[in-house]
């Protein structure tokens with residue numbers, strides 16, 4: 001597109017109409033923000049004054065939306081963008097651009113004035129700063145009729161409060177109720193247990209001090225029976241007794257095992273001694289028997305000696321013969337080498 005035609009397009013951002021439109025929109029938005037801020041400050045001031053005067057503050061008024069233009073050529077909202085509005089202002093019949101801009105400027109000015117008037121509208125129930133005499137008063141005189149209406153009977157309110165609290169106590173559970181506090185005919189659990197333990201201790205002391213039976217006779221075994229009764233009823237004493245029995249059983253078991261070990265060692269020692277004695281007796285006898293006659297014992301000994309001598313002689317002769325045989329073989333081989 002030729003550059004000299006770009007400025008004549010309605011969508012060009014640097015077009016004079018678009019620039020003026022943006023400036024005008026910014027001015028209107030700023031005016032609305034200032035008006036809204038001023039309205040909020042005035043409303044807060046009125047509410048603070050009402051609170052100081054002990055009056056009921058007026059409710060907050062909702063934010064007034066911007067007034068729409070009569071022509072309806074666009075609808076402006078906070079989230080609207082340029083592309084969601086009408087991008088072209090159309091001219092009326094027989095109207096040029098200058099007249100069109102003047103007309104739209106007047107419409108925008110009227111719209112801004114209406115919005116400002118709607119935002120800056122004062123409340124109708126504001127109290128006057130001057131009284132009938134013309135004196136300035138920040139806090140108006142109290143109305144006696146209103147005071148009588150709002151005044152309450154203190155005694156009646158106290159009775160109502162007591163009744164309400166009584167009704168709440170019937171259905172409300174508190175931590176103090178868990179211990180039986182402020183309940184008729186009941187005491188806390190720790191107080192009852194403490195009283196019971198005190199009574200039991202008193203009974204024990206009284207029985208020990210008396211040391212007599214029901215007929216008033218001396219009963220030396222009464223203390224032993226009392227101790228036995230207390231120990232049987234005391235779980236800690238039962239635990240101690242069970243601990244003693246367990247230790248005694250472990251001690252008896254250790255003693256029995258030690259005794260068995262000692263007997264086993266003595267038995268092994270006796271067996272080793274018997275075996276050693278039998279070995280010594282066999283070495284000393286060397287084939288001696290008490291049942292054999294003396295002559296036979298001597299002949300058997302000679303026979304054994306001859307047998308051993310004969311066996312040794314045979315071995316000696318066999319060795320000498322083998323040596324002679326080897327020597328003869330050596331001589332024959334030497335002679336054979338000498339001949340050749």
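Just so you know, the numbers here start at 1 and follow the chain as drawn.
Backbone N, Cα and C atoms are what each Cβ position is placed from, and that goes for glycine too.
TrEMBL: automatically predicted annotations, no manual curation.
Per TrEMBL, compositional bias 'Basic and acidic residues' is recorded for 18-58 (among others).
The feature compositional bias 'Basic and acidic residues' is assigned by TrEMBL to 73-85 (among others).
The compositional bias 'Basic and acidic residues' annotation in TrEMBL covers 150-172 (among others).
Positions annotated as compositional bias 'Basic and acidic residues' by TrEMBL: 219-229 (among others).
The feature compositional bias 'Polar residues' is assigned by TrEMBL to 230-246.
Feature annotation from TrEMBL assigns compositional bias 'Basic and acidic residues' to 247-269 (among others).
According to TrEMBL, the compositional bias 'Basic and acidic residues' annotation covers 293-303 (among others).
Look at TrEMBL and you will find 304-320 tagged as compositional bias 'Basic residues'.
Annotation source TrEMBL lists compositional bias 'Basic and acidic residues' at 321-331 (among others).
Taken from TrEMBL, the feature domain 'CBF1-interacting co-repressor CIR N-terminal' applies to 10-46. Helix, strand and coil residue tallies for the domain 'CBF1-interacting co-repressor CIR N-terminal' (10-46), in that order: 31 helix, 0 strand, 6 coil [DSSP].
Positions annotated as region 'Disordered' by TrEMBL: 16-115 (among others).
Under the heading region 'Disordered', TrEMBL lists 150-340 (among others).
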Across the domain 'CBF1-interacting co-repressor CIR N-terminal' (10-46), average pLDDT on the 0 to 100 scale: 87
The compositional bias 'Polar residues' (230-246), counted residue by residue under DSSP: helix, strand, coil: 16 helix, 0 strand, 1 coil
